[in-house]
Amino acid sequence: MTFRPEHDLHKRRFSRNLGLGLTLAAFVALVFALTVVKVQRGEPMQGFDHTYSPAMLPKEEKTP
Amino acid sequence: MSDTTAYHGATATPHEPGFGDYVQLLKPRVMSLVVFTALVGLLVAPVALHPVEAFAAILFVALGAGASGALNMWWDADIDAVMQRTARRPVPAGKVQAGEALAVGLALSGISVVMLGLATNLMAAALLAFTIFFYAVVYSMWLKRTTPQNIVIGGAAGAFPPMIGWVCATGSVSVEACLMFGLIFMWTPPHFWALALFMKEDYHKAGVPMLTVTHGRQATRLHILVYTLLLVPVALGAALTSIGGPLTLAVAVALNVWFVIGAWRIWTRDETVAEADRYAAEKAFFRFSLLYLFLHFAAFLVEAALKSAGIGGW
């Protein structure tokens, strides 16, 4: 079997696939970075887990 | 696969596009202006975004602008093929099929609007969606082929990016954002009419009702002068708001004096004189108009930097 020189068509397809691949990778990285920023800046959250948690109760104001 | 014989069959289209052809669909040169003006709008706003959010915001505004460019190329493929200036665009050149341009435009429109909304706020996303709609539908599909005021009203699409940048940061529209919008909006007609004066055959051949075609070249020269004069208070007004300062005002005065002189020169010439020097004044005005907009927005940016150092602003 002989190897033929690469056709121009292959080059264009490769450039398209490479470009799309890099674009998608960059998009994933950007969404991840955005998520990290948004989560870090959000208020601390704690969900109800069916157990009594005194720490979640609002603090009562002490009267003098 | 190294054997190319299999690719000469039915699966291969004669002009299979490369990645660069799709990038060209997004009008990268227009995109660079959008990136710059949106970035200035975002950076001069009184609220600072996290750098990642700011990067994402600018990226998705640019992507939205690119999407509207692709939709414009899909719709205008027939007249782009006729005009010398646009004949080498991917669709008229046969590199990308019109349907593909439509698909790319719609997909990127959706992605850019949703992602801008998630990255910043819903108001910015709504403005971006409206900008894409305005450029693709109001300008490209409706105004461009029906009225000589196409450039005047359609110019709004190019004027939104700094406002979107501002809204990304602050979440609301203010007088500063409106004046940055107004600056580009009023600048667009003289910029494109100067181009139409020396690219005279293009619009005529394509049947696009530019002012030069419908009202004549002398009327276009007058319109350039009038719109340039109307631009002056907007430009000076922007320099007097919170995004301006002494430096911005000085730059605005200098740029507007020079711009008005250029418009005056165009108005006082007729076609015989213009043809004799191959439209030297019109070409110089067009080139300066690009510098005019760049320097105005650069001045806002420098003023903001000076202000943060405690020496700029009013």
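In case you wondered, yes, glycine gets a Cβ from its N, Cα and C as well.
Quick look at what TrEMBL lists:
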type	residues	note
TRANSMEM	B:30-49	transmembrane segment
TRANSMEM	B:55-75	transmembrane segment
TRANSMEM	B:96-116	transmembrane segment
TRANSMEM	B:122-139	transmembrane segment
TRANSMEM	B:151-173	transmembrane segment
TRANSMEM	B:179-199	transmembrane segment
TRANSMEM	B:220-241	transmembrane segment
TRANSMEM	B:247-267	transmembrane segment
TRANSMEM	B:288-306	transmembrane segment
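Contacts between the transmembrane segment (B:288-306) and the transmembrane segment (B:179-199): present, as 3 or more C-beta pairs lie under 8 angstroms, all at sequence separation of six or more. A Cβ distance under 8 Å defines the sequence-distant neighbours of the transmembrane segment (B:247-267), meaning residues of its chain 6+ beyond its ends; these are 190, 194, 197, 221-222, 224-225, 228-229, 231-232, 235-236, 238-240, 281-282, 284-285, 288-289, 292, 295-296, 299-300, 302-303, 306, 312. When Cβ-Cβ distances under 8 Å to the transmembrane segment (B:96-116) are tallied for each of B:30-49, B:55-75, B:122-139, B:151-173, B:220-241, the top count falls to B:55-75. Outside the transmembrane segment (B:220-241), and at least 6 residues removed from its termini, the chain residues within Cβ reach (under 8 Å) are 152, 175-176, 179-180, 182-183, 186-187, 189-190, 193-194, 196-197, 211-212, 248-249, 251-253, 255-256, 259-260, 262-264, 266-267, 269, 285, 296, 299-300, 314.
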